[in-house]
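Per TrEMBL, the features are:
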SIGNAL    1-22  signal peptide
TRANSMEM  110-132  transmembrane segment
TRANSMEM  144-162  transmembrane segment
TRANSMEM  168-192  transmembrane segment
TRANSMEM  222-244  transmembrane segment
TRANSMEM  293-313  transmembrane segment
TRANSMEM  343-366  transmembrane segment
TRANSMEM  381-403  transmembrane segment
TRANSMEM  424-452  transmembrane segment
TRANSMEM  464-490  transmembrane segment
Amino acid sequence: MEKWYLMTAAVLLGLTVRWTVSLNSYSGAGKPPMFGDYEAQRHWQEITFNLPIKQWYFNSSDNNLQYWGLDYPPLTAYHSFLCAYVAKFINPDWIALHTSRGYESQAHKLFMRATVLIADLLIYIPAVVLYCCCLKEISTKKKIASALCILLYPGLILIDYGHFHLGFALWGVLGVSYDWDLLGSLAFCLAINYKQMELYHSLPFFCFLLGKCFKKGLKGKGLVLLIKLTCTVVASFVLCWLPFFTEREQTLQVLRRLFPVDRGLFEDKVANIWCSFSVFLKIRDILPHHIQIMISFCFTFLSLLPACIKLTLHPSPKGFRFTLVSCALSFFLFSFQVHEKSILLVSLPVCLVLSEIPFMSTWFLLVSTFSMLPLLLKDELLMPSVVTVMAFFIACATSFSMFEKTSEEELQLKCFSTSVRKYFTCFTFLPKIIQHLFLMSVITMILLTMMTVTLDPPQKLPDLFSVLVCFVSCLHFLFFLVYFNIIIMWDSKNGRSQKKIN
(Lines of atoms letter the chains of each structure in order from A and count residues from 1; the text may use other names and numbers.)
(Lines give C-alpha, C1' and ligand atoms only; values in the text may rest on other atoms or scores of the structure.)
Protein backbone atom coordinates (compact mmCIF):
# COMPACT_ATOMS: atom_id res chain seq x y z
CA MET A 1 0.00 0.00 0.00
CA GLU A 2 2.87 2.37 0.78
CA LYS A 3 4.26 2.12 -2.76
CA TRP A 4 0.93 3.29 -4.20
CA TYR A 5 0.94 6.31 -1.88
CA LEU A 6 4.46 7.13 -3.06
CA MET A 7 3.52 6.64 -6.72
CA THR A 8 0.47 8.87 -6.27
CA ALA A 9 2.64 11.53 -4.63
CA ALA A 10 5.12 11.35 -7.53
CA VAL A 11 2.31 11.70 -10.09
CA LEU A 12 0.78 14.65 -8.21
CA LEU A 13 4.16 16.37 -8.05
CA GLY A 14 4.69 15.84 -11.76
CA LEU A 15 1.18 17.09 -12.52
CA THR A 16 1.64 20.18 -10.36
CA VAL A 17 4.84 21.15 -12.17
CA ARG A 18 3.29 20.55 -15.61
CA TRP A 19 0.12 22.50 -14.76
CA THR A 20 1.98 25.42 -13.14
CA VAL A 21 4.37 25.85 -16.07
CA SER A 22 1.60 25.54 -18.65
CA LEU A 23 -0.44 28.33 -17.03
CA ASN A 24 2.41 30.82 -16.94
CA SER A 25 2.69 31.34 -20.68
CA TYR A 26 1.68 29.97 -24.04
CA SER A 27 3.06 30.13 -27.55
CA GLY A 28 2.31 33.33 -29.46
CA ALA A 29 0.35 35.14 -26.74
CA GLY A 30 -0.57 38.64 -27.90
CA LYS A 31 1.47 38.37 -31.12
CA PRO A 32 -0.72 38.98 -34.18
CA PRO A 33 -1.36 38.06 -36.92
CA MET A 34 -0.81 34.33 -36.22
CA PHE A 35 -0.80 34.31 -32.37
CA GLY A 36 1.22 31.07 -32.16
CA ASP A 37 0.46 27.39 -31.64
CA TYR A 38 -2.05 28.08 -28.87
CA GLU A 39 -4.20 29.87 -31.44
CA ALA A 40 -3.78 26.92 -33.81
CA GLN A 41 -5.42 24.60 -31.29
CA ARG A 42 -8.28 27.07 -30.74
CA HIS A 43 -8.71 27.68 -34.47
CA TRP A 44 -9.07 23.96 -35.19
CA GLN A 45 -11.94 23.90 -32.72
CA GLU A 46 -13.51 26.84 -34.54
CA ILE A 47 -13.20 25.16 -37.96
CA THR A 48 -14.31 21.66 -36.98
CA PHE A 49 -17.37 22.93 -35.09
CA ASN A 50 -18.61 25.46 -37.67
CA LEU A 51 -17.82 23.76 -40.99
CA PRO A 52 -18.99 20.46 -42.52
CA ILE A 53 -16.45 17.66 -42.22
CA LYS A 54 -15.79 17.72 -45.98
CA GLN A 55 -14.47 21.29 -45.71
CA TRP A 56 -12.06 20.77 -42.80
CA TYR A 57 -8.98 20.26 -44.97
CA PHE A 58 -9.93 22.42 -47.97
CA ASN A 59 -9.09 26.07 -48.53
CA SER A 60 -12.12 28.37 -48.65
CA SER A 61 -13.33 31.80 -47.58
CA ASP A 62 -14.31 30.27 -44.22
CA ASN A 63 -11.18 28.12 -43.88
CA ASN A 64 -7.99 29.91 -44.88
CA LEU A 65 -5.38 27.15 -44.82
CA GLN A 66 -2.62 29.75 -44.53
CA TYR A 67 -4.04 30.64 -41.11
CA TRP A 68 -3.38 27.50 -39.08
CA GLY A 69 -5.14 25.16 -41.48
CA LEU A 70 -5.57 21.59 -40.23
CA ASP A 71 -2.47 19.57 -41.09
CA TYR A 72 -2.85 16.61 -38.75
CA PRO A 73 -4.77 13.32 -39.22
CA PRO A 74 -8.49 12.84 -38.52
CA LEU A 75 -8.20 11.96 -34.81
CA THR A 76 -6.75 15.41 -34.10
CA ALA A 77 -9.71 16.95 -35.92
CA TYR A 78 -12.21 14.80 -34.01
CA HIS A 79 -10.57 15.73 -30.71
CA SER A 80 -10.77 19.42 -31.63
CA PHE A 81 -14.45 19.00 -32.48
CA LEU A 82 -15.11 17.36 -29.11
CA CYS A 83 -13.37 20.21 -27.25
CA ALA A 84 -15.29 22.76 -29.34
CA TYR A 85 -18.58 21.11 -28.41
CA VAL A 86 -17.75 21.61 -24.73
CA ALA A 87 -16.53 25.18 -25.37
CA LYS A 88 -19.86 26.02 -27.06
CA PHE A 89 -21.72 25.41 -23.79
CA ILE A 90 -19.28 27.53 -21.74
CA ASN A 91 -18.76 30.49 -24.08
CA PRO A 92 -19.76 30.41 -27.78
CA ASP A 93 -17.47 33.39 -28.47
CA TRP A 94 -14.43 31.11 -28.05
CA ILE A 95 -15.23 29.25 -31.28
CA ALA A 96 -17.29 31.79 -33.24
CA LEU A 97 -16.44 31.59 -36.95
CA HIS A 98 -14.09 34.42 -38.06
CA THR A 99 -14.71 36.68 -35.03
CA SER A 100 -12.88 34.43 -32.56
CA ARG A 101 -9.47 34.73 -34.23
CA GLY A 102 -6.76 35.54 -31.73
CA TYR A 103 -9.20 35.23 -28.82
CA GLU A 104 -7.37 35.54 -25.51
CA SER A 105 -8.81 35.56 -22.01
CA GLN A 106 -7.88 34.01 -18.69
CA ALA A 107 -11.03 31.87 -18.70
CA HIS A 108 -10.30 30.52 -22.17
CA LYS A 109 -6.68 29.88 -21.28
CA LEU A 110 -7.84 27.88 -18.26
CA PHE A 111 -10.27 25.93 -20.43
CA MET A 112 -7.61 25.06 -23.02
CA ARG A 113 -5.16 23.91 -20.35
CA ALA A 114 -7.91 21.90 -18.65
CA THR A 115 -8.60 19.99 -21.89
CA VAL A 116 -4.91 19.07 -22.02
CA LEU A 117 -4.83 18.05 -18.36
CA ILE A 118 -7.89 15.82 -18.77
CA ALA A 119 -6.39 14.11 -21.82
CA ASP A 120 -3.13 13.67 -19.89
CA LEU A 121 -4.99 12.08 -16.98
CA LEU A 122 -6.90 9.76 -19.29
CA ILE A 123 -4.15 8.73 -21.70
CA TYR A 124 -0.54 9.76 -21.08
CA ILE A 125 -0.08 9.61 -17.29
CA PRO A 126 -1.79 6.21 -16.77
CA ALA A 127 0.47 4.80 -19.50
CA VAL A 128 3.59 6.22 -17.79
CA VAL A 129 2.55 4.86 -14.38
CA LEU A 130 1.64 1.41 -15.71
CA TYR A 131 4.86 1.20 -17.73
CA CYS A 132 6.98 2.06 -14.68
CA CYS A 133 5.04 -0.39 -12.49
CA CYS A 134 5.73 -3.15 -15.03
CA LEU A 135 9.49 -2.56 -15.05
CA LYS A 136 11.33 -5.70 -14.01
CA GLU A 137 14.41 -6.27 -11.88
CA ILE A 138 14.28 -2.88 -10.18
CA SER A 139 12.99 -1.83 -6.75
CA THR A 140 9.70 -0.10 -6.07
CA LYS A 141 11.53 3.15 -5.30
CA LYS A 142 13.23 3.01 -8.68
CA LYS A 143 9.87 2.49 -10.39
CA ILE A 144 8.46 5.54 -8.61
CA ALA A 145 11.58 7.54 -9.45
CA SER A 146 11.26 6.55 -13.12
CA ALA A 147 7.65 7.77 -13.24
CA LEU A 148 8.58 11.06 -11.58
CA CYS A 149 11.53 11.69 -13.91
CA ILE A 150 9.49 10.93 -17.03
CA LEU A 151 6.72 13.30 -15.91
CA LEU A 152 9.31 15.99 -15.11
CA TYR A 153 11.04 15.79 -18.51
CA PRO A 154 11.11 19.48 -19.58
CA GLY A 155 10.55 18.92 -23.30
CA LEU A 156 7.05 17.51 -22.86
CA ILE A 157 6.12 20.28 -20.42
CA LEU A 158 7.50 23.35 -22.17
CA ILE A 159 6.77 22.64 -25.83
CA ASP A 160 3.06 22.82 -26.70
CA TYR A 161 2.15 21.02 -23.48
CA GLY A 162 -0.21 18.28 -24.59
CA HIS A 163 1.19 15.38 -26.60
CA PHE A 164 -1.64 12.87 -26.53
CA HIS A 165 -0.23 10.88 -29.45
CA LEU A 166 2.76 9.99 -27.25
CA GLY A 167 0.31 8.59 -24.70
CA PHE A 168 -1.25 6.35 -27.36
CA ALA A 169 2.25 5.36 -28.54
CA LEU A 170 3.22 4.44 -24.98
CA TRP A 171 0.10 2.28 -24.65
CA GLY A 172 1.21 0.64 -27.89
CA VAL A 173 4.68 -0.04 -26.46
CA LEU A 174 3.10 -1.56 -23.35
CA GLY A 175 0.79 -3.74 -25.42
CA VAL A 176 3.32 -5.31 -27.76
CA SER A 177 5.97 -5.63 -25.02
CA TYR A 178 3.67 -7.76 -22.84
CA ASP A 179 2.09 -9.81 -25.67
CA TRP A 180 -1.15 -7.83 -25.87
CA ASP A 181 -0.29 -7.46 -29.52
CA LEU A 182 -3.71 -6.57 -30.91
CA LEU A 183 -4.36 -3.92 -28.25
CA GLY A 184 -0.84 -2.55 -28.72
CA SER A 185 -1.34 -2.35 -32.48
CA LEU A 186 -4.67 -0.59 -32.04
CA ALA A 187 -3.16 1.95 -29.65
CA PHE A 188 -0.29 2.69 -32.01
CA CYS A 189 -2.68 3.08 -34.97
CA LEU A 190 -4.55 5.66 -32.89
CA ALA A 191 -1.24 7.44 -32.28
CA ILE A 192 -0.49 7.60 -36.02
CA ASN A 193 -4.00 8.79 -36.76
CA TYR A 194 -3.57 11.53 -34.17
CA LYS A 195 -0.23 12.82 -35.45
CA GLN A 196 1.54 11.56 -38.55
CA MET A 197 4.97 12.11 -36.94
CA GLU A 198 4.36 8.85 -35.08
CA LEU A 199 5.64 7.25 -38.28
CA TYR A 200 9.03 7.80 -36.63
CA HIS A 201 8.12 4.82 -34.41
CA SER A 202 6.32 2.73 -37.03
CA LEU A 203 9.20 0.59 -38.30
CA PRO A 204 10.19 -0.75 -34.84
CA PHE A 205 6.54 -1.69 -34.21
CA PHE A 206 6.31 -3.38 -37.62
CA CYS A 207 9.63 -5.24 -37.27
CA PHE A 208 8.96 -6.34 -33.68
CA LEU A 209 5.51 -7.73 -34.50
CA LEU A 210 6.76 -9.31 -37.73
CA GLY A 211 9.62 -10.90 -35.80
CA LYS A 212 7.08 -12.32 -33.34
CA CYS A 213 5.14 -13.83 -36.23
CA PHE A 214 8.31 -15.39 -37.69
CA LYS A 215 9.21 -16.76 -34.26
CA LYS A 216 5.81 -18.44 -33.87
CA GLY A 217 6.05 -19.86 -37.40
CA LEU A 218 4.30 -18.52 -40.49
CA LYS A 219 2.63 -21.88 -41.08
CA GLY A 220 0.93 -21.95 -37.69
CA LYS A 221 0.31 -19.49 -34.86
CA GLY A 222 2.50 -16.89 -36.53
CA LEU A 223 0.24 -16.73 -39.59
CA VAL A 224 -2.85 -16.41 -37.41
CA LEU A 225 -1.23 -13.55 -35.47
CA LEU A 226 -0.20 -11.84 -38.72
CA ILE A 227 -3.76 -12.00 -40.07
CA LYS A 228 -5.19 -10.67 -36.80
CA LEU A 229 -2.68 -7.81 -36.74
CA THR A 230 -3.42 -6.92 -40.38
CA CYS A 231 -7.16 -6.86 -39.73
CA THR A 232 -6.69 -4.70 -36.61
CA VAL A 233 -4.56 -2.14 -38.47
CA VAL A 234 -6.82 -1.99 -41.54
CA ALA A 235 -10.00 -1.74 -39.45
CA SER A 236 -8.63 1.04 -37.21
CA PHE A 237 -7.49 3.12 -40.21
CA VAL A 238 -10.76 2.62 -42.07
CA LEU A 239 -12.81 3.71 -39.05
CA CYS A 240 -10.67 6.83 -38.51
CA TRP A 241 -10.68 7.83 -42.18
CA LEU A 242 -14.18 6.73 -43.15
CA PRO A 243 -15.65 10.26 -43.55
CA PHE A 244 -12.76 11.16 -45.88
CA PHE A 245 -13.03 8.06 -48.10
CA THR A 246 -16.28 9.21 -49.72
CA GLU A 247 -14.42 10.98 -52.54
CA ARG A 248 -10.96 10.42 -54.02
CA GLU A 249 -10.09 14.12 -53.98
CA GLN A 250 -11.09 14.35 -50.33
CA THR A 251 -8.61 11.61 -49.38
CA LEU A 252 -5.83 13.11 -51.52
CA GLN A 253 -6.35 16.57 -50.02
CA VAL A 254 -5.99 15.23 -46.47
CA LEU A 255 -2.79 13.42 -47.49
CA ARG A 256 -1.43 16.59 -49.11
CA ARG A 257 -2.06 18.46 -45.86
CA LEU A 258 -0.38 15.73 -43.79
CA PHE A 259 2.75 15.49 -45.96
CA PRO A 260 3.56 18.98 -47.31
CA VAL A 261 6.77 18.11 -49.16
CA ASP A 262 6.77 21.55 -50.80
CA ARG A 263 7.82 23.15 -47.49
CA GLY A 264 11.41 22.06 -48.02
CA LEU A 265 14.13 19.86 -46.56
CA PHE A 266 13.97 21.30 -43.04
CA GLU A 267 12.14 23.99 -41.09
CA ASP A 268 13.71 26.83 -39.07
CA LYS A 269 16.86 25.95 -37.09
CA VAL A 270 16.44 22.25 -36.46
CA ALA A 271 19.33 20.22 -35.04
CA ASN A 272 19.45 17.62 -37.79
CA ILE A 273 22.14 16.86 -40.36
CA TRP A 274 20.63 18.86 -43.22
CA CYS A 275 20.22 22.13 -41.33
CA SER A 276 23.66 21.80 -39.71
CA PHE A 277 25.35 20.86 -43.00
CA SER A 278 23.70 23.81 -44.79
CA VAL A 279 26.07 26.10 -42.85
CA PHE A 280 28.83 24.83 -45.14
CA LEU A 281 26.83 23.86 -48.24
CA LYS A 282 23.42 25.26 -49.17
CA ILE A 283 21.80 21.97 -50.15
CA ARG A 284 18.35 23.48 -50.66
CA ASP A 285 19.73 25.96 -53.20
CA ILE A 286 22.02 23.55 -55.06
CA LEU A 287 19.99 20.35 -55.48
CA PRO A 288 16.57 19.98 -57.14
CA HIS A 289 13.65 19.31 -54.83
CA HIS A 290 13.12 15.68 -55.87
CA ILE A 291 16.83 14.91 -55.43
CA GLN A 292 16.67 16.29 -51.87
CA ILE A 293 13.77 13.94 -51.13
CA MET A 294 15.63 10.94 -52.56
CA ILE A 295 18.84 11.70 -50.65
CA SER A 296 17.04 12.18 -47.34
CA PHE A 297 15.11 8.93 -47.90
CA CYS A 298 18.29 6.97 -48.66
CA PHE A 299 20.16 8.32 -45.64
CA THR A 300 17.20 7.68 -43.34
CA PHE A 301 16.61 4.17 -44.65
CA LEU A 302 20.27 3.12 -44.49
CA SER A 303 20.79 4.53 -40.99
CA LEU A 304 17.86 2.61 -39.48
CA LEU A 305 18.16 -0.59 -41.54
CA PRO A 306 20.66 -2.52 -39.32
CA ALA A 307 18.63 -2.02 -36.14
CA CYS A 308 15.37 -2.99 -37.88
CA ILE A 309 16.87 -6.16 -39.38
CA LYS A 310 18.28 -7.11 -35.99
CA LEU A 311 14.89 -6.58 -34.31
CA THR A 312 13.08 -8.66 -36.93
CA LEU A 313 15.50 -11.56 -36.58
CA HIS A 314 15.79 -11.36 -32.77
CA PRO A 315 12.58 -9.77 -31.40
CA SER A 316 12.77 -8.86 -27.71
CA PRO A 317 11.18 -6.11 -25.56
CA LYS A 318 14.60 -4.64 -24.77
CA GLY A 319 15.64 -4.63 -28.43
CA PHE A 320 12.28 -3.07 -29.31
CA ARG A 321 12.80 -0.18 -26.85
CA PHE A 322 16.30 0.62 -28.08
CA THR A 323 15.28 0.29 -31.74
CA LEU A 324 12.50 2.82 -31.08
CA VAL A 325 15.21 5.25 -29.96
CA SER A 326 17.53 4.50 -32.87
CA CYS A 327 14.87 4.69 -35.60
CA ALA A 328 13.28 7.87 -34.25
CA LEU A 329 16.72 9.48 -34.05
CA SER A 330 17.51 8.39 -37.63
CA PHE A 331 14.27 9.98 -38.82
CA PHE A 332 15.03 13.17 -36.92
CA LEU A 333 18.59 13.45 -38.25
CA PHE A 334 18.09 12.48 -41.88
CA SER A 335 14.44 12.59 -42.95
CA PHE A 336 12.64 15.25 -44.98
CA GLN A 337 10.80 18.25 -43.47
CA VAL A 338 11.79 17.93 -39.82
CA HIS A 339 10.72 20.40 -37.11
CA GLU A 340 12.61 21.25 -33.89
CA LYS A 341 9.80 19.69 -31.83
CA SER A 342 10.27 16.34 -33.55
CA ILE A 343 13.10 15.56 -31.13
CA LEU A 344 10.34 14.83 -28.60
CA LEU A 345 9.55 11.70 -30.63
CA VAL A 346 13.06 10.49 -29.80
CA SER A 347 12.85 11.61 -26.19
CA LEU A 348 9.84 9.42 -25.36
CA PRO A 349 11.59 6.08 -26.03
CA VAL A 350 14.71 7.43 -24.30
CA CYS A 351 12.52 8.02 -21.23
CA LEU A 352 11.56 4.35 -21.43
CA VAL A 353 15.20 3.23 -21.01
CA LEU A 354 15.95 5.76 -18.28
CA SER A 355 16.15 3.09 -15.59
CA GLU A 356 18.42 0.88 -17.75
CA ILE A 357 21.03 3.47 -18.72
CA PRO A 358 20.33 6.49 -16.46
CA PHE A 359 23.56 8.35 -17.23
CA MET A 360 23.24 8.34 -21.03
CA SER A 361 19.46 8.76 -21.00
CA THR A 362 19.60 11.81 -18.73
CA TRP A 363 22.37 13.29 -20.86
CA PHE A 364 20.33 12.81 -24.04
CA LEU A 365 17.18 14.33 -22.51
CA LEU A 366 19.15 17.39 -21.38
CA VAL A 367 20.58 17.82 -24.90
CA SER A 368 17.14 17.39 -26.47
CA THR A 369 15.78 20.25 -24.37
CA PHE A 370 18.83 22.39 -25.18
CA SER A 371 18.35 21.75 -28.92
CA MET A 372 14.98 23.58 -28.71
CA LEU A 373 16.53 26.67 -27.07
CA PRO A 374 15.72 29.05 -29.98
CA LEU A 375 12.11 27.91 -29.88
CA LEU A 376 11.92 28.26 -26.09
CA LEU A 377 13.37 31.79 -26.21
CA LYS A 378 10.96 32.71 -28.98
CA ASP A 379 8.07 31.75 -26.68
CA GLU A 380 9.68 33.57 -23.71
CA LEU A 381 10.18 30.35 -21.75
CA LEU A 382 13.72 30.91 -20.50
CA MET A 383 12.93 30.90 -16.77
CA PRO A 384 10.51 27.95 -16.89
CA SER A 385 13.17 26.11 -18.94
CA VAL A 386 15.89 26.70 -16.35
CA VAL A 387 13.64 25.66 -13.46
CA THR A 388 12.31 22.49 -15.10
CA VAL A 389 15.73 21.41 -16.41
CA MET A 390 17.24 21.79 -12.93
CA ALA A 391 14.33 19.89 -11.33
CA PHE A 392 14.62 17.10 -13.89
CA PHE A 393 18.41 16.82 -13.56
CA ILE A 394 18.31 16.76 -9.76
CA ALA A 395 15.55 14.13 -9.80
CA CYS A 396 17.52 11.88 -12.17
CA ALA A 397 20.87 12.39 -10.43
CA THR A 398 19.52 11.60 -6.96
CA SER A 399 17.07 8.84 -7.93
CA PHE A 400 19.43 6.77 -10.06
CA SER A 401 22.87 7.77 -8.68
CA MET A 402 23.71 8.32 -12.34
CA PHE A 403 27.29 9.51 -11.78
CA GLU A 404 28.12 6.19 -10.11
CA LYS A 405 26.79 4.24 -13.10
CA THR A 406 29.39 4.93 -15.74
CA SER A 407 31.17 1.57 -15.91
CA GLU A 408 31.14 -0.46 -19.11
CA GLU A 409 28.44 -2.71 -17.65
CA GLU A 410 26.23 0.19 -16.54
CA LEU A 411 26.62 1.88 -19.93
CA GLN A 412 25.84 -1.48 -21.60
CA LEU A 413 29.11 -1.30 -23.53
CA LYS A 414 30.82 -4.29 -21.92
CA CYS A 415 30.33 -6.64 -24.86
CA PHE A 416 31.38 -3.99 -27.38
CA SER A 417 34.50 -3.14 -25.39
CA THR A 418 35.39 -6.82 -25.07
CA SER A 419 35.13 -7.22 -28.85
CA VAL A 420 37.36 -4.21 -29.45
CA ARG A 421 39.93 -5.43 -26.90
CA LYS A 422 40.48 -8.54 -29.01
CA TYR A 423 42.28 -6.24 -31.44
CA PHE A 424 43.32 -3.35 -29.14
CA THR A 425 44.12 -4.66 -25.69
CA CYS A 426 44.56 -1.17 -24.26
CA PHE A 427 40.92 -0.24 -24.98
CA THR A 428 39.90 0.25 -21.34
CA PHE A 429 39.30 3.97 -21.22
CA LEU A 430 35.83 4.24 -22.81
CA PRO A 431 33.93 5.10 -19.57
CA LYS A 432 36.41 7.89 -18.77
CA ILE A 433 36.06 9.31 -22.27
CA ILE A 434 32.27 9.36 -21.92
CA GLN A 435 32.51 11.08 -18.52
CA HIS A 436 34.79 13.77 -19.96
CA LEU A 437 32.50 14.21 -22.97
CA PHE A 438 29.53 14.67 -20.64
CA LEU A 439 31.36 17.38 -18.68
CA MET A 440 32.39 19.18 -21.89
CA SER A 441 28.84 18.87 -23.17
CA VAL A 442 27.23 20.42 -20.08
CA ILE A 443 29.74 23.30 -20.02
CA THR A 444 29.17 23.96 -23.74
CA MET A 445 25.37 23.98 -23.35
CA ILE A 446 25.53 26.35 -20.36
CA LEU A 447 27.93 28.74 -22.13
CA LEU A 448 25.90 28.77 -25.34
CA THR A 449 22.70 29.39 -23.41
CA MET A 450 24.27 32.32 -21.55
CA MET A 451 25.71 33.77 -24.78
CA THR A 452 22.38 33.47 -26.56
CA VAL A 453 20.53 35.20 -23.74
CA THR A 454 23.02 37.96 -22.88
CA LEU A 455 24.85 38.81 -26.12
CA ASP A 456 23.66 40.36 -29.36
CA PRO A 457 24.82 38.48 -32.46
CA PRO A 458 26.82 40.34 -35.15
CA GLN A 459 24.67 42.23 -37.64
CA LYS A 460 26.05 40.16 -40.52
CA LEU A 461 25.29 36.93 -38.65
CA PRO A 462 21.92 37.46 -36.93
CA ASP A 463 21.34 33.71 -36.56
CA LEU A 464 24.80 32.93 -35.19
CA PHE A 465 23.76 31.61 -31.78
CA SER A 466 20.77 29.67 -33.14
CA VAL A 467 23.00 27.99 -35.71
CA LEU A 468 25.59 27.15 -33.03
CA VAL A 469 22.92 25.58 -30.85
CA CYS A 470 21.69 23.61 -33.85
CA PHE A 471 25.19 22.45 -34.85
CA VAL A 472 26.32 21.47 -31.34
CA SER A 473 23.06 19.57 -30.72
CA CYS A 474 23.40 17.76 -34.05
CA LEU A 475 26.89 16.55 -33.13
CA HIS A 476 25.48 15.23 -29.87
CA PHE A 477 22.66 13.40 -31.66
CA LEU A 478 25.06 11.76 -34.12
CA PHE A 479 27.09 10.52 -31.15
CA PHE A 480 23.96 9.14 -29.48
CA LEU A 481 22.87 7.45 -32.72
CA VAL A 482 26.16 5.55 -32.81
CA TYR A 483 25.90 4.73 -29.09
CA PHE A 484 22.36 3.31 -29.25
CA ASN A 485 23.17 1.28 -32.36
CA ILE A 486 26.18 -0.22 -30.60
CA ILE A 487 23.89 -1.37 -27.76
CA ILE A 488 21.44 -2.86 -30.28
CA MET A 489 23.98 -4.64 -32.47
CA TRP A 490 26.04 -6.10 -29.62
CA ASP A 491 23.05 -7.17 -27.50
CA SER A 492 22.62 -10.61 -29.09
CA LYS A 493 26.27 -11.47 -28.46
CA ASN A 494 25.74 -10.60 -24.83
CA GLY A 495 22.63 -12.77 -24.75
CA ARG A 496 24.41 -15.78 -26.33
CA SER A 497 27.39 -15.51 -23.99
CA GLN A 498 25.01 -15.32 -21.02
CA LYS A 499 23.26 -18.52 -22.17
CA LYS A 500 26.63 -20.30 -22.40
CA ILE A 501 27.44 -19.24 -18.83
CA ASN A 502 24.08 -20.52 -17.62
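Positions of Cβ are set from backbone N, Cα and C atoms, glycine also.
A TrEMBL annotation is a machine prediction, not a hand-curated record.
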If we skip the immediate neighbours and take only residues 6+ beyond the ends of the transmembrane segment (381-403), which ones have a Cβ under 8 Å from one of its Cβ atoms? 17, 21, 24-25, 141-142, 145-146, 148-149, 152-154, 157-158, 354-355, 358-359, 362, 365-366, 369, 373, 453
Non-local residues, at least 6 beyond the ends, that sit with Cβ under 8 Å of the transmembrane segment (293-313): 203-204, 207-208, 210-211, 214, 261, 265, 273-274, 287, 319-320, 322-323, 326-327, 330-331, 333-336, 481, 485, 488-489, 492
Sequence-remote partners of the transmembrane segment (424-452) [C-beta within less than 8 Å, at least six residues beyond its ends]: 359-360, 363, 366-367, 370, 373-374, 377, 406-408, 411, 413, 417, 465-466, 468-469, 472, 476, 479
